[in-house]
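Report on one structure; see the data block that follows.
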C-alpha cells in the first residue's frame, strides 16, 4: 500500500509528458509489429538505418560499378586454392597476416580432410593506381563430386584463376574445370603455384597449359601461395584482364544456364533483380541467402517477392562476406552478398537455388533469370536413425544440410529391420561421405548408412521406362521373366592421368572393372591421359582407392556421365532363416554376386547373437542360394542327471530335444539387434 502511494505522488509531481508516456507505453507495445526473431537481430536491423556508415561501407559506396571484379579460383584437388585465397585476403587487408589458415574453409569436415567442400565467397577492396576496386573472390572445390558448387560459382564471376601445381602439372580435374569455365565464357588467367618446391617444373606446367588448353601463357603468373612469392602480381592482372561483366554463350548446355550478360553487370537505377546463389541455416537468424544483385539495390526493411514461389518477405539485414558476415546498409547492382528475412522463411524448401527476387510491385517490370539446372544424383544410400525415437531430429538435420547443398535428393522410406528412414541421392561417394560426417559433427546425429548403390533403368515390354533407385522397387523373379524387356545400368567416361610407368597396372584395373578403353594420349613424355568407359557401379565400389593403390598415389580421376548400357543386373538379398532382410538388399551386376554373397554371409554371422535354435544366413538371387553360413544354437545338457548305462532313456531325451528345436525353429523369430546392422553396414 505504501509503495502504491509513493508511486502516485511521484506521478503527480512528474512532468505531464512523463506520465503521458508511461500511460501510452502499453498501447504502443501492443500495436508494434511482431517479429519472431532474437532481440539481438531486431536491434541490429533497427540500428542499420540510424548508425553512421562505417569506413568500409563508405569506401564501397564510392566505388562505381565499372570497378567491380568478380572472379573464382579453379584447380585440381590440393593444388593450393584455399592457401592462395588466404594470401589474397592478407594482401587486401581483409584479414591479418598469418591470423588463420584456410579462412574460407569454414566447415569442420573441410579442415579435417584438408579439402574444400563448399564454394565460399569473400569481398575485398584493393587499391590499384590510386583507385579502389571491389573484388569478389570465390574459392571453389576441386573434387569432381562437388562440381555443382563450381558451376554455381560461375554465375557470380566474370573470370577465373586457373591454378596448376608446378610439381604435378595438369591433372584430371584441371582439364574438367577448364572446359567447364571455358564453356561459360570466363576470362581465364593461368597461374602456376608451388614454384618454391624443389621438384617444381614451372616451364613444363606452362607448356602443358599452352598445348592442352591453347591458353596465352605470356601473362601467366608464377606464385608460391605458401610463402606469398609474386602473389602481389595477381590482383593487378585480375583488374586488367577480367571484365566487369560476364559472357555466357548462347549454345551452352553445361550445368549453368545462360545468364545472358554482354553489358556491364547491372544498373542501380533499374528495378531490383536478384539471383539466389546459395543458402545456409543459422540457429538465430534462420535461413541466410547468398545473392547476386543484377539490377537495382536492396536495403533492410524492403519487401521482396520470389518468382519461383510467389511468397513475399521483409528484408531483415543485408551485408557482404568480409570474410564473415558483415552488415551493410545497402547491396547494389554488381555486388554479391547475403540477406536474411524478418520474419524468416518458414520452410527450407522456400529457398530455391537459382530463384529470382524483385521488389513487391515490380513483378511485371522484371524478367526473371533462367536459374540453374538441377544436377542429377548418381549414387544412392539409405539412412536410418540408430534410435527410432530420433527420426524427427534426423529429418530436421537433413533438411538443414540440404538447404546448404541442393544437389542432394531426399525421399522417405521404411525398412522392416531398421524402421523409418530416408533414401538419399548424391553426386558421388565422397559427396556422400562428407554429408555423413556433417550430419554427425554439426547435428550430433547417430545414423546407419547402407552401402552406396547406383540407379538402374527398367525397360518394360509395353515400352515404358522406369528408373529404379531402391532395391525394394526392383521387379521380382516372375515379373522379370514375363514383363521386363531389358535392364540397363549407367556408364561414365572416366579420365585418368598418371605417370607412364603405371600404364599396364591401370589398364589391368580398368579391364577388371568391366571398362572399355576409349583413348590414350601422352601430354608429356612421362604423363598419360587415359580415357575409359566404366560402369558407374564399379566406380563407386572404391575404384579410386584401387587406382591410388595401383599408382602409389600418383593418379588422378575425373568422370562425366556417358550413357545407359544393357547389363545383367540382379537383386542380391540376405536371408535369415529364409526371411529377407530388406535393409541389406542391393542391385548389382551378376559378375559381383558370388564375391559379395560370400562376403555378406561371413560378415553378418560375426554380428548375429546365438539363439536357442539354429540360425541360417544365406545370400540369394531370386530362388538361387549363392552362399550360406550357420549360427549354431545354444545347447542344454539334457543328459546331465542321467545314469551312463540308461541307453534307452538317453535316446528318448535326445529325440525330445531334437523335436523341440524343430518346433522352435518353425515358430521362433530371430532377434537381430540394431547394433548388428550398424556393425555389418560399417565400412
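A Cβ is built for glycine as well, from the same backbone N, Cα and C atoms used for every other residue.
Worth saying up front: this structure is predicted, and the values here are computed from it rather than measured.
Per Swiss-Prot, the feature GTP binding site maps to 75-82, 139-143, 193-196. Take the CB of residue 140 (GTP binding site) and look out to 10 A: across all protein chains shown you find 27 other CB atoms.
Annotation comment: Swiss-Prot describes 66-250 as domain 'tr-type G'.
What Swiss-Prot lists as transit peptide is 1-43.
Least crowded of the binding-site residues (81, 143), judged by neighbouring Cβ atoms within 10 Å of its own Cβ: 143. Model confidence over the domain 'tr-type G' (66-250) stands at 84, taken as the mean pLDDT rounded to a whole number.
Comparing local CB density within 10 A for the binding-site residues 75, 195, the maximum falls on 75. For residue 78 (GTP binding site), the same-chain residues that are 6 or more apart in sequence and have a Cβ closer than 8 Å to its Cβ are 114, 115, 142, 165.
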